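Noted in Swiss-Prot for the protein shown:
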type    : residues                       : note
DOMAIN  : 48-277                         : domain 'Radical SAM core'
BINDING : Cys66, Cys70, Cys73            : [4Fe-4S] cluster binding site
BINDING : Ser110, Cys142, Cys202, Arg272 : [2Fe-2S] cluster binding site
Amino acid sequence: MQSIIRQTEAALFAGAVLDRETAGKLARIEGSDIYTLMDVARRVRDHFGAGKVDLCSIVNAKSGACSEDCRFCAQSAHHQACVKTYDLLDPDAIVGRARVMEAEGAHRFSLVTSGRGMSDAELEPVLAIYERLRRETKLSLCASLGILNEAQLRRLAEAGVTMYHHNLEASRRFFPQICTTHSYDERIATIRAAQAAGMVVCSGGIFSMGETIDDRIDMAFELRELGIRSVPINILNPIAGTPLEGQPLIPPLEILKSIALYRLILPSARIRMAGGREGALRDLQSLPFIAGADAALVGSYLTTSGRTVAEDIQMLRDLGLNVNNL
């Protein structure tokens, strides 16, 4: 398999794009060849990427009681997970959280809200918060508010939001096995609406929900077709009370191989390590940044805790990587 890895590297540096057939062959590599694939992915990142690691942060601005039945999610009203439920947080609390994350080294900040989407009335106080964040911080502003229409997304852009987060979560084939209350095409429609509104879209998914590596590859090609420039990679954190609470995690090397493949399929996109990396990768959690990743979600996640921002920044510096603005 060394030959196909090297041929792929040469083709990418010559300006070709990875095709689905070759990606499928690379997905079958095992053993020490995985390390070769990771090294090639690192070189591809260094050649096509921005040269610095981008750090984003979030606040769980509205939690629980979600109408959707995503099988991985603790916030779904369909499941029995023990999770805090509250409406939109006080604006001062959100702005305070943003200031803390900015001081600790984050470059981006996003409100994340539970629920299918937002009505125009529900969106109004959120817009006011973003206008405050634009005035009172230097953070790049992101939003993750579910399924919205283009008019709503344009209002977010006018309030200062430059990036909209809306995951595909899985491949088209596998998606119906994790969610039945909305469709894959509805997610794609929101992504296209955000792009039409002038925002960059951040979209990826979750590994280790029971999908195959071919499902992961198919999602990467879907993301490429959509022109996605920031790809968050989450790894399932099985939460008690959700349908996936007993789902076995894929091995760390399988995760690293998948990350490397994403870099080869999406050579110039941000590959952003997000939730679940601590538990799934264990002692190998620095290695995604050797396998092609160049961004990270830092601080706490939605319903689980991450490492401290300082720990992640130190890890990146120990790897010899540059961090934006630091």
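Counting begins at 1 with the first residue displayed.
Cβ from N, Cα, C; glycine included.
Overlay of Swiss-Prot annotations on the structure.
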residue	record	Cβ within 10 Å
Cys66	[4Fe-4S] cluster binding site	23
Cys70	[4Fe-4S] cluster binding site	24
Cys73	[4Fe-4S] cluster binding site	24
Ser110	[2Fe-2S] cluster binding site	23
Cys142	[2Fe-2S] cluster binding site	24
Cys202	[2Fe-2S] cluster binding site	29
Arg272	[2Fe-2S] cluster binding site	24
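DSSP classifies Cys70 ([4Fe-4S] cluster binding site) as coil under the three-state reduction. Cα of Cys70 ([4Fe-4S] cluster binding site) to Cα of Ser110 ([2Fe-2S] cluster binding site): a distance of 21 Å.
Sequence-ordered, the extra residues of this chain that approach the [2Fe-2S] cluster site, with Cβ no more than 8 Å from the Cβ center of Ser110, Cys142, Cys202, Arg272, are Cys56, Ile58, Arg108, Ser144, Met163, His165, Ser230, Pro232, Leu297. Same-chain neighbours of the [4Fe-4S] cluster site beyond Cys66, Cys70, Cys73, judged by a C-beta within 8 angstroms of the site's C-beta center, are, in sequence order, Glu68, Asp69, Phe72, Ala74, Gln75, Ser76, His78, His79, Ser114, Cys179.
Straight-line distance linking the Cα atoms of Cys66 ([4Fe-4S] cluster binding site) and Ser110 ([2Fe-2S] cluster binding site), rounded to a whole number, equals 19 Å. The separation of Cys73 ([4Fe-4S] cluster binding site) from Cys142 ([2Fe-2S] cluster binding site), Cα to Cα, is 21 Å. Each residue contributes its Cα atom, and for Cys73 ([4Fe-4S] cluster binding site) and Ser110 ([2Fe-2S] cluster binding site) those atoms are 19 Å apart.
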